[in-house]
Amino acid sequence: MWKFASIVVLVVCLAWAVYCEDQRPPSLKTRFGRSADEPESDNYVSNDIMEKRSAQRPPSLKTRFGRSEGAEVMEKRSAQRPPSLKTRFGRSVANPESDGYMRKRSAESEPFVTRIRHGRANKKRAAN
């Protein structure tokens, strides 16, 4: 019973504080809820100082599209690597039964596996 009563008292006090804060005239409030006559504390940094600090920072690597220049370099490097043995379904071409439920199939019944394995060269052979 006492716990319930103390929770009710805390909620009423909080509601009263919010009500009193809302009743203050807007001229005494600042953007951050601090009154204009209160002195700023030592750890409070004003917006003007923050804007000056951000203006002093060197520009970041991000472009206007949100990508860094380093990301484009990584894409070029990954494009130079040889294709992996994984197919687009996440199974290895070298071991088609790696998941355990897939039946063993021949290359004739599933021609896309050979295309993925050999990449562009096989597509050129198939076109000729």
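Glycine residues also receive a Cβ, built from the backbone N, Cα and C atoms like all the rest.
Record note: of PRO39, PRO59, Swiss-Prot gives the feature hydroxyproline to PRO59, with no matching annotation on the rest.
Its Cβ taken as reference, GLN23 (pyrrolidone carboxylic acid) is surrounded by 7 other Cβ atoms within 10 Å in the chains shown.
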